[in-house]
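A.B. asks: Once you've had a glance at the structure underneath, I'll fire off some questions.
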Ligand code: BG6
């Protein structure tokens, strides 16, 4: 499906996300001929004009993308800028003639994609201000609005935000972006599960012992201390990205691949998460915060010394949770999920641990059967199983069969933002979070937020380690251990 001609309005155009992710994504889509006629109107408070905005974006693209002067010039000629005081409804009037002019010039029939890449405090304001000038109305072309995360701050604020946006945009116009859903390997999970005959029969409580999901980052909070401190690992990574990944692992096959059918299944998983009790938050949850350490001979700051972080902050930079899904497929199977900053590697992976044989014929320590789905980096799938160790006797050793995405070198793999922007322009919301799933996710994590607010323990861990010792104990209670992946899926992980 091709995109319709359209105008993309980016609110927060002078911000980080715009030049780091959105403009590069649009540039690549343009370069590979994936866009029809389009214009990009950057909107922010800063007093830029078309030329200065183009210049800034050009510099950013030169830094990160492979460019040629011709494509760069051609792309930048589609960029425009309008300074607006984004909290003043009257000022949005300036957008009306600008958009009219662009719609005419690019024959976009009024089709407009609004991207809210602003501080979250504006997510409720922008739709109302647009509506004050009729810019939400679909009588002349479609109007869609992309909302960046975080969608709300907790269960209550997420509901309030929904009410605010729904006053001016209908659900089919709202695209809640979760860039993890745009990752090729996350989507591949569905194809792996539902287009092969041999995984699905084993994909349940009868054969799976437990599931591990890791979203590890080696970087700290970098320059984002101010934002991160109000968020923490739970809101920044777990409530959205990792729960969406968990839903992809656990969902039932959708009746058909379309936005509603897929998102019905995701929502069912979210609703089936066993509610966390007080006992769970005390014994099946570990929160942590990194402390200063030396990594590879370099001094690394602790979280409390990071810029923008209050010296007494209790914000968690790590969390690990054991949770369960209460349905026929998964009853009793633990899902261990962890995420953190300043861990030893940047790696996101899912490990499906299968049950052992009912009786150990060859050796007491036969290798476990597991399927490792590496989401990033070095996207790969690795099956681990036991085979005979050469030589006398019948000792089993672990071997692996690996598939690496890099082997499909001739395919042009879209980055997450490229894929999701393209889908939004096509009107395909399959890979965007739907309101019911977002609320169910907030509802599920609310006891964690309450626990922390009530003074729940935040353990320390040294930067460069796999989190607090308590996280090891959490999984060790059932005789299991976390996998300690390296950042590479080369030969042996
Ligand atoms: C973002 C978080 O949503 O995801 C960041 O705000 C985090 O803190 C990032 O670093 C991780 O994304 P990725 O694609 O690098 O795994």
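From the backbone N, Cα and C atoms, a Cβ is placed for every residue, glycine too.
Automatic, uncurated: that is what TrEMBL annotation is.
Pulled these from TrEMBL:
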- 241: active site, proton acceptor (ACT_SITE)
- 45, 149: NADP(+) binding site (BINDING)
- 179, 183, 217, 236, 341: substrate binding site (BINDING)
- 9-188: domain 'Glucose-6-phosphate dehydrogenase NAD-binding' (DOMAIN)
- 190-483: domain 'Glucose-6-phosphate dehydrogenase C-terminal' (DOMAIN)
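Context for these features, please: burial, neighbours, distances.
C.D. replies: DSSP assigns residue 241 (active site, proton acceptor) to a helical segment in the three-state reduction.
Within its own chain, residue 149 (NADP(+) binding site) has 176, 177, 178, 240 as residues 6 or more apart in sequence whose C-beta sits under 8 angstroms from its own.
Classification of residue 179 (substrate binding site) by DSSP places it within a helix. Neighbours of residue 179 (substrate binding site), defined as other CB atoms within 10 A of its CB across all chains, total 19.
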A.B. asks: Would you mind sorting out which binding-site residues among 45, 183, 236, 341 put a C-beta under 6 angstroms from ligand 1?
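C.D. replies: 236, by Cβ distance under 6 Å.
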A.B. asks: Roughly how many angstrom lie between the C-alpha atoms of residue 217 (substrate binding site) and residue 45 (NADP(+) binding site)?
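C.D. replies: Just about 33 Å between their Cα atoms.
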A.B. asks: Express in Å, rounded to the nearest integer, the largest CA to CA distance found among the substrate-binding residues 179, 183, 217, 236, 341 named in the record.
C.D. replies: 20
A.B. asks: Would you mind reading off the Cα separation of residue 236 (substrate binding site) from residue 45 (NADP(+) binding site), to the nearest angstrom?
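C.D. replies: Rounded to a whole number, the Cα-Cα distance is 26 Å.
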A.B. asks: In this predicted model, what is the average pLDDT of the domain 'Glucose-6-phosphate dehydrogenase NAD-binding' (9-188)?
C.D. replies: 95
